[in-house]
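Participant: Reproduced below are the annotations present in TrEMBL:
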DOMAIN    18-316  domain 'Acyltransferase 3'
TRANSMEM  21-37  transmembrane segment
TRANSMEM  57-76  transmembrane segment
TRANSMEM  96-114  transmembrane segment
TRANSMEM  170-187  transmembrane segment
TRANSMEM  194-212  transmembrane segment
TRANSMEM  218-240  transmembrane segment
TRANSMEM  261-279  transmembrane segment
TRANSMEM  299-319  transmembrane segment
Amino acid sequence: MPAHAPPTRQATQGARWPGVDALRALGIAMVVVYHYFDRWDWTYLGFSAPRGFSFPGWLGVDLFFIVSAFCIASTLGRARTAARFVALRLARLWPAYAAAVALTTAVCWAFPLPGRTPELWQALANMLWLNALSPLVPHVDGAYWSLIVELQFYVLLALAHFRLGARGGLIFWCLFTLAGAGAEALSEPLARRALIFPYSAMFLFGLILWRWDETGPRLRLAALAIALGGAMISSRYAGVEAPLAALMALAAATMRRGRRLGAAPLTLIGLTSYTWYLTHQNIGLVIIRELNAAGLERISVPAAAAGTFALALALSRLIELRWRAPLANALEGALARLPFFSDPAPAEARARHGARP
């Protein structure tokens with residue numbers, strides 16, 4: 001095998017992909033820096049003076065979408081039925097999410113955030129993911145919007161994959177992204193939101209990175225053109241095209257060229273990126289505001305980052321990892337009794353997928 005070639009899927013089956021964890025670490029670091037330094041007005045956070053800092057760290061969420069699609073394509077390959085896939089994803093996301101909703105609600109009740117303190121009904125509705133079904137249910141933490149986009153992606157891609165196979169699912173997602181680009185061009189915000197555009201372009205980019213070796217040159221080129229073109233025409237990325245292109249290039253180089261960027265600290269942060277994303281914003285804002293009010297501005301942001309990361313580690317070890325396997329098995333057994341969920345994946349999809357990240 002050439003030195004620059006990525007390891008084969010068979011060689012990496014069941015193993016982690018440290019480069020993916022490094023990208024997750026970069027993504028969460030960007031989001032945390034953005035929320036602590038640029039997203040909120042300095043007076044809201046209680047700083048004595050403006051900080052004069054501007055950073056498009058929100059692009060870290062788009063990097064998450066690329067990485068997520070890359071990994072979800074792998075999960076689809078490991079799941080023989082839709083029941084197994086859905087069970088794996090729900091067991092991965094829900095326990096830590098529900099715990100984070102409860103924890104964030106409790107912290108915001110103890111130390112109210114003006115305009116951001118959730119009510120009990122809102123917290124309960126969020127735990128049941130009713131905020132994914134209705135815009136009338138506000139998120140307990142505004143950062144949770146991206147989880148709703150992820151859930152939409154999981155459902156749509158799973159439906160396509162288990163009906164059309166891996167190649168058919170990729171073609172479906174190309175067409176889905178094109179439809180979103182059309183809604184963008186026609187200035188149809190409701191249609192664009194339903195088509196999760198432009199995030200669909202980021203998902204498509206991640207999907208083609210995973211299926212690169214199995215995809216013919218024409219479909220590969222078409223998918224890349226749709227993903228890149230969709231990103232470039234989106235108003236979301238106006239003015240940040242260069243940073244976005246750099247992130248996409250980094251993602252491609254890391255995920256296509258092997259196990260680089262796999263240093264232990266990056267791996268730890270990457271492994272904890274999901275639970276840190278769940279806890280970093282509102283709880284972090286509370287820490288910053290309270291320390292600033294006590295005259296401790298110099299340490300408020302580092303303390304918020306360290307404190308929320310410690311909470312994230314605890315959630316990951318005590319909730320996410322502990323409950324993932326038993327919950328997945330229980331959910332799979334329940335879902336397997338339902339139509340569609342018990343259908344096996346198409347043979348073409350099973351034959352062509354491995355298990356890399």
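Placed from the backbone N, Cα and C atoms, the Cβ positions cover glycine too.
Here the structure is a predicted model, which means the values were calculated and not measured.
Relative to the rest of the structure, where do these features sit?
Facilitator: Counting residues 6+ beyond its ends, the transmembrane segment (21-37) has Cβ neighbours under 8 Å at 51, 53, 55-61, 63-64, 66-67, 143, 250-251, 254-255, 260-263, 265-267, 269-271, 273, 276-277, 280-281, 284-285, 288, 301, 304-305, 308 in the same chain.
Here the transmembrane segment (57-76) has Cβ contacts under 8 Å with residues 20, 23-24, 26-35, 37-39, 85, 88-89, 146, 149-150, 153-154, 157-158, 161, 166, 169, 199, 202-207, 209-211, 240, 243-244, 247-248, 251, 255, 273, 277, 345, 349, 353-357 of the same chain, all six or more residues outside its ends.
Long-range Cβ contacts of the transmembrane segment (96-114) within its own chain (Cβ-Cβ under 8 Å, at least 6 residues beyond either end) map to 44, 120, 123, 126-127, 140-141, 144, 147, 274-275, 278-279, 282-283, 285-286, 289-290, 311, 315-316, 319-320.
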Participant: State the non-local partners of the transmembrane segment (261-279) in its own chain: residues 6+ outside its ends, Cβ under 8 Å from one of its Cβ atoms.
Facilitator: 16, 18-29, 31-32, 64, 93, 96-97, 100, 103-104, 141, 143-144, 146, 254, 308-309, 311-313, 315-316, 319-320
